[in-house]
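Here the structure comes first, spelled out in structure tokens, and everything after it is commentary.
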Amino acid sequence: MMRPVVVKEKRVNESQIHVVEEEVRQAKTMDRDIVTHAMKQSFAKLNPKVMIKNPIMFVVEIGFIITFILSFLPSHSSSVPGWFNITVSFILLFTVLFANFAEALAEGRGKAQADSLKHSKKDVFANVVKENGNIVQVSATDLRKGDVVIVKQGEMIPSDGEVIKGLASVDESAITGESAPVIKEAGGDFCSVTGGTMVVSDEITIIITSNPGESFIDKMISLVEGAARQKTPNEIALNTVLTSLTFIFLIVVVTLPIFTNYLGFQIDTAVLVALLVCLIPTTIGGLLSAIGIAGMDRVTKFNVLAMSGKAVEAAGDINTIILDKTGTITFGNRMAHTLLPVGNETIEQVGKWAAISSVLDETPEGRSVIEYVQAKSISYNRELAEQGEFVPFKAETRMSGVDLQDGTKVRKGAVGSVIEWVQSQGGTIPKDVNQKADFISKEGGTPLVVAVNNRIYGLIYLKDTVKPGMRERFEQLRQMGIKTVMCTGDNPLTAATIAKEAGVDEFVAECKPEDKIAVIKAEQDKGKLVAMTGDGTNDAPALAQADVGLAMNSGTTAAKEAANMIDLDSNPTKIIEVVGIGKQLLMTRGALTTFSIANDIAKYFAIIPAMFTLAIPQMEALNIMKLTSPLSAILSALLFNAVIIPLLIPLAMKGIAYKPMSSNALLGRNLLIYGLGGVIVPFIGIKVIDMIVGLFI
């Protein structure tokens, strides 16, 4: 009997191994295709109309053209041999190609994601309900805003919309990657559905909310392909600074021959071009676009759709995060925490009647009571409750329970409601009921009174549990200089208790959705950038007001349209990770800019002595690297300038390692690593290249 079992397990394992191997093979193939496409695009981007968008690399391309033309003209210079011009021109060409490759590689990853999304779009037909009630089948591409469509079990939702009738389980794995279906129903904050998702049970009627080309998937494709990508304000500002530096160095190099002629010697044009290319910030100039695209790509891989690069950058500058208590800081389900008997009652009696009142209660609270009683080994008669008539919770009564066959009425519910119910039947109220209810409220819990007919037995202490690790995460945000504000509809006592347990900096109790706008504006008036999450229509104004608004994919269309980011997993706590990604993007750009500018120091000591040593022998003192010859020094500096770009591509794509710490600590750390490193690495790199080049010159 054992052998078949063993063989079966072996087959399953082999099957799993084959699946994993196939996934790895496909991933390698996709990476190979991306690299191949990026290499082709590197040459396509040499078009001056494309290159002029990056002024720094455009100057390098012009330098390539000049030196390439000079290599075919008769040389009147005795300072450099004939092969020097062509060598310089090819080094400059590869410098531009490496920069183009970095940008094309980042774009290629986005296009690969877009292709997978395009494959998820299938030819779908929709059952449209006409005004006369007739149902007509049309192509999804013919649907318009306002059309009413019926979607049955097993059918694909044809376009974005909102449920106006019915309830169904929807498989959103094509969009979110989450295999578990989600419930969509008419009304409330969970009525929004996305085109391309599948109804796996029941039937719903939806009203279409987007025209062709405007659906959620269409927007995702457009964004990840980069068609909708615009340069962010920080990127534009940095690009302006780098372009200004390039212009200044260009003026210096162009006017330099005037001074050298005055001193009685001439500098070859190719040497001047080499000097210019080595002085301008080509490293960050070649990687700047790739860093921005890769930042958007990292957010997308995290299952968050950013509507613009500006939103990702803003996340990195956030000073304050507004968080809902329910579902974000806490689990959102109040669970039975303990039982408190009143008067002379025992905990066994409270547990018995609490369980009987909850047997038919399918709410999370009801199930948690049963689990608690069973965990405490308190006995109760389940069959007695199952044979009775369930009394569901209503907003008017604020109670639920069961009427047993012998006429006994068991109830659990809000303190005031149960007390009134007991008093209406002639019962007396134990003195410690309100005292213990106040204690539970002060602890941040919710008290439910358990009563049978005209007698109160005790209270159930329901507690909305804080998610594990939240205190540590808020401490990390505090180290980053980010303030956390919890907004909740709870009373001040409950809010204060939860805030203390979770470790948030501030809280706003009895907060209505419209109050969030006031909280956001108050922070913005102090010059702070604010982030918040939301999913309901009533959250839309606040999401629009916030600098970073993260809407849940499960939320309403209004919320998603107001936000500048959408979380496909509908996990409100992800705002913390989004802030981290934004900071990583800004730090990567800043670190590589520092590294690029610091490089100039080493290149200065390489190329300046090489230019002037023959005419001014005293300049040899600046040759601290003891480079082989002037020509070797110039070529080594140019080669290092070119090679460093592809070497830094992985760092630009992945982002530098980020650890939560204060701004001053981060600045000091990055200056040490990328500032000092930007000085030391070129000295070593240029010297090594010079030793190799010296063998051939």
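Positions of Cβ are set from backbone N, Cα and C atoms, glycine also.
The feature transmembrane segment is assigned by Swiss-Prot to 55-75 (among others).
Beyond the ends of the transmembrane segment (82-102), by six or more residues, the same chain brings 38-39, 41-43, 45-46, 51, 54, 57, 60-61, 63-64, 67-68, 70-71, 75, 268, 270, 273-274, 277, 282, 285-287, 289-290, 631, 634-635, 638-639, 641-643, 645-646, 649, 652 to within a C-beta distance below 8 angstroms of the stretch. Here Swiss-Prot flags 82-102 (among others) as transmembrane segment, drawing on sequence analysis.
Outside the transmembrane segment (245-265) by six or more residues, the chain places 55-56, 59, 272, 275-276, 279-281, 285, 614-616 with a CB less than 8 A from a CB of the stretch. Per Swiss-Prot, the feature transmembrane segment maps to 245-265 (among others); the stated evidence is sequence analysis.
Residues or ranges marked as transmembrane segment by Swiss-Prot: 271-291 (among others). Panel annotation: around the transmembrane segment (271-291), residues 54-57, 59-60, 63, 66-67, 79-80, 88, 92, 95, 98-99, 102-103, 105-106, 235, 238-239, 242, 245-246, 249-250, 252-253, 256-257, 585, 588-589, 592-593, 595-597, 599-600, 603-604, 606-608, 610-611, 634, 637-638, 641, 644-645, 648-649, 652-653 of the same chain, lying at least six beyond its termini, place a Cβ under 8 Å from a Cβ of the stretch.
A simple way to gauge crowding: the CB of Asp324 (active site, 4-aspartylphosphate intermediate) has 22 other CB atoms within 10 angstroms, across all the protein chains here. Annotation comment: Swiss-Prot describes Asp324 as active site, 4-aspartylphosphate intermediate, evidence class sequence analysis.
According to Swiss-Prot, the ATP binding site annotation covers Asp361, Glu365, Phe393, Lys394, Ala395, Glu396, Thr397, Arg398, Met399, Ser400, Lys412, on the basis of sequence analysis. Non-local contacts of Thr397 (ATP binding site) by the CB criterion (under 8 A, 6+ apart in sequence, same chain) comprise Gly413, Ser417. DSSP classifies Thr397 (ATP binding site) as coil under the three-state reduction.
In the three-state DSSP reading, Asp539 (Mg(2+) binding site) counts as helix. Spatially close to Asp539 (Mg(2+) binding site) yet at least six residues away along the chain are Pro513, Lys516, Ala551, Gly555, Ala559, Ala562, judged by Cβ distances under 8 angstroms. Residues annotated as Mg(2+) binding site in Swiss-Prot, with sequence analysis given as evidence: Asp535, Asp539.
Annotated transmembrane segment per Swiss-Prot: 605-625 (among others), in sequence order, evidence recorded as sequence analysis. Non-local neighbours of the transmembrane segment (605-625) in the same chain are 79, 260, 263-265, 267, 271, 274-275, 278, 631, 633-634, 636-637, 683, 686-687, 690; each lies 6+ residues outside the stretch with a CB under 8 Å from one of its CB atoms.
Residues or ranges marked as transmembrane segment in Swiss-Prot (evidence: sequence analysis): 633-653 (among others). Within the chain, the transmembrane segment (633-653) has long-range Cβ neighbours (under 8 A, six or more residues past its boundaries) at 87-88, 91-92, 94-95, 98-99, 101-102, 105-106, 109, 271, 274, 277-278, 282-283, 286-287, 290-291, 294, 297, 588, 592, 595, 599, 603, 606-607, 609-611, 623, 625, 627, 681-682, 685-687, 689-690, 693, 697.
Long-range Cβ contacts of the transmembrane segment (677-697) within its own chain (Cβ-Cβ under 8 Å, at least 6 residues beyond either end) map to 594-599, 601-603, 605-606, 625, 627-629, 631-633, 635-637, 639-640, 643-644. Feature annotation from Swiss-Prot assigns transmembrane segment to 677-697 (among others).
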Alpha-carbon distance [Asp324 (active site, 4-aspartylphosphate intermediate); Asp535 (Mg(2+) binding site)] in Å: 11
Cβ atoms near Met399 (ATP binding site) (within 10 Å, other residues, all chains): 21
Between Met399 (ATP binding site) and Asp324 (active site, 4-aspartylphosphate intermediate), the C-alpha gap once rounded to whole angstrom: 26
Among Asp361, Asp535, the one of these binding-site residues whose Cβ has the fewest neighbouring Cβ atoms within 10 Å: Asp361
Phe393 (ATP binding site), number of other Cβ atoms within 10 Å: 17
Asp361 (ATP binding site) in three-state DSSP notation: coil
